[in-house]
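Per Swiss-Prot, the features are as follows:
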BINDING   Ser99, Asp242, Asp244, Asp246  Mg(2+) binding site
MOD_RES   Ser99  phosphoserine
ACT_SITE  Ser99  active site, phosphoserine intermediate
Amino acid sequence: MTLFGTDGVRGKAGKKVSAVNTMRLAMATGIYFKQFAKTNKILVGKDTRRSGYMIENALVSGLTAVGFDVIQIGPMPTPAIAFLTENMRCDAGIMISASHNPYYDNGIKFFDSEGNKLNRSEEEKIEEIFADDDALEDAQVTGKYIGKSKRIDDVIGRYIVHIKNSFPKSLSLAGKRVVIDCANGAGYIVGPTVLQELGAEVVVVGDEPDGFNINEGCGAMHPENLAKVVLDKRADIGLALDGDADRLVVVDEKGETVDGDKLMAVLAVHLKNTGELRGDGMVATVMSNQGLEEYLLEHGITVYRSAVGDKNVVEMMQEKGVNFGGEQSGHIIFSDYAKTGDGISSALQALAYLVSTGTKTSEAFNPYESYPQMLVNLPIEEKKPLESIEGLEQLMEQVEAEGMRHLFRYSGTENKIRLLLEGKNEKALETMMDECMDFFKRTLV
């Protein structure tokens, strides 16, 4: 039984992510982590969705039923859960969030005692326990062995101090006007607080969560709204987080969205110049533009490509011995400060570069010409194994014969197939994308 997608368990709250399934998953997770338990504590945080209350209570029920104590810390960014799990010496951490998805979805992400996301092997073991009725029945405890839960509301300060330490002490944001869009999500307190404490003049939008407005017309998925505020307020930069604040999208002072690959490219070169880039390399995903790779190669930096998902980026970073990586979509990891994508920490790295170089945002993050790319998210009815789709191999050969790079993959969280084409001729890309869409509509829709 497959529960986990590219980033934990995710689905419609009350359906796939129901109270019953969540409690069962919590018990399975507790059983798995019992073998490593040292403090018998598991940390639980969430974003601002209404369904988070239901899921949080179901998690607490399942975990305490198998003997774990639970610490509930309320709305908090995903990277904060990764940090605080290790900082507070918990045996595991759990984040309730569906990231950039609409409010009616929710999800559950798991971290080990060191703040690392679980690998596929660990997820499979939890899935096996989840499906084993006898294992779940036998693991339930009674009497004094049943766990307890408590809520702690002041741990946010630990994370704020940690994040601020990623910003050079020799620099200040004084004189910078920054607009931050918190997506009515988990970063609505931390993001503005950190920027203000570092000296910036801060304009905040998307900081009034009501349980239903997370990501709704705001945040990293809607930078056009941030752009309007940046222009209206004559700000130096705009920063957009997603619902769980593990992603960053930057808007320059002209209201233009900064390409995620170009942001990573500039930061990678800056880190190398300051002696902070380990291994003269970085990890990007198969979605990143070829222009990124060519630009960094000119600066003596090797680009390693992982599968999509910040978890896969982190695993390859560890494998290659590098401390910087990320995704075009805005998940950026600087592992000296965070073990997962961290939108606020990434924002501070970008701001530190602007302050130290004295450049405008529009001038700083446009270091090369990108290859034309087209990305389409095509809704589908079923996810057939790609290798079983008749005619797909011939289609890919046709794409390659046109001198284009392609990536066809299913979304790990939605019923969609993502179609990426990259090449030198934009018109040819459009024509080929039409052919690809027609093909997948015939075979999958």
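Along the chain as shown, the residues are counted starting at 1.
In case you wondered, yes, glycine gets a Cβ from its N, Cα and C as well.
Apart from Ser99, Asp242, Asp244, Asp246, the Mg(2+) site neighbourhood in this chain, defined by C-beta within 8 angstroms of the site C-beta centre, holds Asp47, Pro77, Thr78, Ser97, His100, Gly185, Ala186, Ala220, Leu241, Gly243, Ala245, Arg247, Gly341, Gly343. Taking all protein chains in view, 35 other C-beta atoms sit within 10 angstroms of the C-beta of Asp246 (Mg(2+) binding site).
Sequence-distant neighbours of Asp242 (Mg(2+) binding site) (same chain, 6+ residues apart, CB-CB distance under 8 A): Ser99, His100, Ala183, Gly185, Asn215, Gly219, Ala220, Met221, Gly330, Gly343. The Cβ neighbour count for Asp244 (Mg(2+) binding site), using a 10 Å radius and every protein chain shown, is 36.
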